[in-house]
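This report concerns only the one structure given below.
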């Protein structure tokens, strides 16, 4: 029946004040004209000539229905207070000083729990039937019923589920209610004001230094959101250590950049100023002096030093410790949140699977029907690779343009002349290409998202967990290629196959392949990483803050109440943004992509953990603000762990060892410098007897006779006044000089360096992998004390249930005995009287 609003904006109950509103459905009544809408339940103005009437259905779950579905969903409920001493981990001992005060957010009581059974109701702590099931559990069961409620049956075809009705626009929204406003306490006497507490102690910027109230987050939003914020918080705390070490590595490189022998030789006018370098493109690129790259050489020394090697090895160990200690912390959360025995077979089938699964087979083990759909993502991966090739072609074309014009423009423009030592053609090409790569990445993300969802829907997974895991793997594959392909190109392909000045290598027969700076491609890789990481973080945070706020502002304006100043709780929540079907998927994806940047290429950018730390400190509060203030309350979901993201993180951690070892070996100049110091700088390769780095620049540059240029690559030197009677130029490589029997072929020095690089990579990989394996073996996933406590609690739970059942059985036998005794007495008395 239709009921009028009672004027209390904070009420969560029907007008009788007893029945709680567990769920709300909203639909738009378009059957009435404007004059009839004045008497409807609600009236909303969209424009001056058009009105919308929204009708709100408030749903209540009676206690008997709650008991029925609590048994169906295997919901664990309290049977007796847990009086065992709780184990405290080292992580909790460190962070407990930063938690909100228990006077503000009370500690959740601990109980022995057991899966609910309706026939054993007396075994459970039912002090108040209305408070026995929490609002989160009630809304979860309400949504379970709604997602399976049939609405159209035609023959053998059955249509059911609130999701289909929402997608078809029949209903505008379906959501549980927030318990209060986020910035004002509810005036209701029994309202816990959990949303208000979460905003003040978690989402508000003033609480940026506080640890998250995870128990309250889990209680209000459910285990799935709770486990996400627990993982994000743990990741951020561990990043603090990595950021501190990375900052120390950066400071070491910055303070030693001037004293580096390599940079001194490059910047010395008597050494670098006398070395004439060969042109890096055909015809229009000029010869140039090595000391023009003095500033870029100093910047390179900040990242290409021995501290970077130590930091890369440290990060390989750090990522192992992070994953192993997360497993332990996750086990503690499973115990505290009662999800230890949450098994996949307890999860119900997706309504979409039940409705659409037609082509199926029977699993020989479980005797369960499974879908036969399969899909491929090869085409879309090739599309990403094609976009990367497009950016590479852009780099080749723009490098030629910058090489021809940039120096001239800077020289003859007085305002820009101070920057001529800093803005090189390579840097200009790298920065502009990185920005273009970032834009392409953001554009392609929208396409890949839709394709991944479409393929996963076509596969028709059985449960929501299987659906999310399947979608997770596809989206991560897309994003991995999309975000990291340009970085892999710079790190492992650029400058590796370029030939030599007289015989360069061309792309598509037209574009000469790119060369690295004399110091290597490490600086360019650092630039690419910093631009993509920073740009991605800024863009995502802007989206997460502005989009929900602007959408809510527009929606409130379009659905504003005419003369009504007070609106009910359900209408206040309707004006907020719904959480998408995928929920936390995009939050996880954003953090895992960031995790890849922090681990895969950290050898080239030690400041990556520091940038990630700053981003995560903002991300936690932005996500908290979004969930508590801008979004409708989500339907709570059960979750035991972070799902498919765990093996993805482990895979990234394993790959990171190989990529960082390869970056140090093949992208940086560390190995060539070590080879020169320990082998080339002394006899028999040199006249000296002491190990030294003096002369390394000269040994790392090969000689080319300018008369060996062919017609296509011969440069124009008319404008170079200093180019007088010079017959040779230098280029970055280890090749034999002119007039050698094998001129321009790789020299013995080259093969020494290659052998050292391969040996370094093999040795470092094996040492680090062995260390990771030993750490994983030595650190158990579940603490031994926690295992014993779980066993103890499980045993006591069985004892309590057994004793409670015996007690109830005795009470029943006493009642039955009293009934039999009374009946026997009555019969005997009647018999005597008759006799």
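Quick reminder: no glycine exception, Cβ is built from N, Cα and C everywhere.
Since this is a predicted model, take the numbers as computed values, not measurements.
Feature annotations, reproduced from TrEMBL:
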type: DOMAIN; residues: 13-214; note: domain 'Anoctamin dimerisation'
type: DOMAIN; residues: 217-793; note: domain 'Anoctamin transmembrane'
type: TRANSMEM; residues: 228-254; note: transmembrane segment
type: TRANSMEM; residues: 306-326; note: transmembrane segment
type: TRANSMEM; residues: 377-402; note: transmembrane segment
type: TRANSMEM; residues: 422-444; note: transmembrane segment
type: TRANSMEM; residues: 471-492; note: transmembrane segment
type: TRANSMEM; residues: 591-614; note: transmembrane segment
type: TRANSMEM; residues: 648-668; note: transmembrane segment
type: TRANSMEM; residues: 748-770; note: transmembrane segment
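Recorded stretches compared: 306-326, 648-668, 748-770; the one with the most Cβ pairs under 8 Å to the transmembrane segment (591-614) is 648-668. In the predicted model, residues of the domain 'Anoctamin dimerisation' (13-214) average a pLDDT of 79.
Of the ranges 471-492, 648-668, 748-770, the one with the most Cβ pairs under 8 Å to the transmembrane segment (306-326) is 648-668. Using a Cβ-Cβ cut-off under 8 Å and counting only residues 6 or more beyond its ends in the same chain, the transmembrane segment (748-770) has close neighbours at 313, 316-317, 654, 657-658, 661-662, 664-666, 671-672, 674-675, 679-680, 685, 699, 733-735.
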